[in-house]
């Protein structure tokens, strides 16, 4: 796969998956208040909705496909009505195919209203968190779920805190280089299949491992290596920002390669420009050490705006001018 390919995105997730997963990834605990088939309800959008106007009867442009948040304001509005008016307002609300309802700040739904939601097949949950915190955590979760992503053939390594994505055709030794970097104290994020996410309009790309492959590597001539078992917990990372792409190339004497490093190359991943370093491979070349230097050069430029090639060029020009 080329790095320039178009990203993918989930179209929806089930409410059952939402309920089972969000508590594992964020500091929020949802309590189930009714029993309905949560597999039949799907969430299509990352945005949430507080349905004050819908409860008041104004349902034009009601974004019912979003997760509905009922906080202190919405519950106070319902509770101030007599039972018939309250049921009428809530009935007008649950006639839409809502994914689910979440009550915040430990608010409670009257039994008759909960029964109406159950009859409509709408899951109802509650949380002790405030509406503000609940919406922040759920939006963060849904942002991750609906982010652009793509799978790439390569290896992802944390080198001196810099996220380095190794790419190149099969058989060039990407896995061997990644393994050598791990042995030298760096951390493996993923090998063979690298899953890269871009959340919203952010310019940050996050690389993760394929959950089926985990931290296993295939080394030609050796077989499968379990990096976590062999090198311990220090040798693995769950995720890392993609900051530099290193492309391994077959040596071709007819081709001209970068010698000074003055020309900065980039490659585009999910619409984000990432620095690209192309390294030709030939016998005796220590690729591992070179990749460590690539990471150190990135840190020098990032923190001090220092580029060795530019510094050398400036020094030579100064000497000539003298």
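Cβ atoms are placed via backbone N, Cα and C, with glycine included.
Feature list (source: Swiss-Prot):
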| type | residues | note |
| --- | --- | --- |
| ACT_SITE | 153 | active site |
| BINDING | 168, 169, 170, 171, 172, 173, 174, 175 | ATP binding site |
| ACT_SITE | 174 | active site |
| BINDING | 175, 218 | Mg(2+) binding site |
| ACT_SITE | 192 | active site, proton acceptor |
| ACT_SITE | 259 | active site |
| REGION | 280-285 | region 'Important for the catalytic mechanism of dephosphorylation' |
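Taking the binding-site residues 170, 175 in turn, the residue surrounded by the fewest other Cβ atoms inside 10 Å of its Cβ turns out to be 170. Residue 172 (ATP binding site) and residue 192 (active site, proton acceptor) are 12 Å apart (CA-CA, integer value). In sequence order, 250 are the residues near residue 169 (ATP binding site), counting only same-chain partners six or more apart with C-beta under 8 A. Spacing of residue 172 (ATP binding site) relative to residue 153 (active site) is 12 Å (Cα to Cα, whole number).
With the fewest other Cβ atoms inside 10 Å of its Cβ, the least crowded of the recorded positions 192, 218 in this structure is 218.
A strand conformation is recorded for residue 218 (Mg(2+) binding site) in the three-state DSSP classification.
Remark: residue 174 (ATP binding site) has 154, 155, 166, 167, 168, 191, 248 as non-local neighbours, by Cβ distance under 8 Å and separation of at least 6 in sequence. Distance noted between the C-alpha atoms of residue 175 (ATP binding site) and residue 153 (active site) is 11 Å. Among the binding-site residues 170, 171, 218, the ones whose Cα sits within 10 Å of the Cα of residue 153 (active site) are 170, in sequence order.
Residue 153 (active site) has a Cβ environment of 14 other Cβ atoms inside 10 Å. Residue 218 (Mg(2+) binding site) and residue 170 (ATP binding site) are 12 Å apart (CA-CA, integer value).
Residues 248 surround the recorded ATP site, their Cβ atoms falling within 8 Å of the Cβ centroid of 168, 169, 170, 171, 172, 173, 174, 175, which are themselves excluded.
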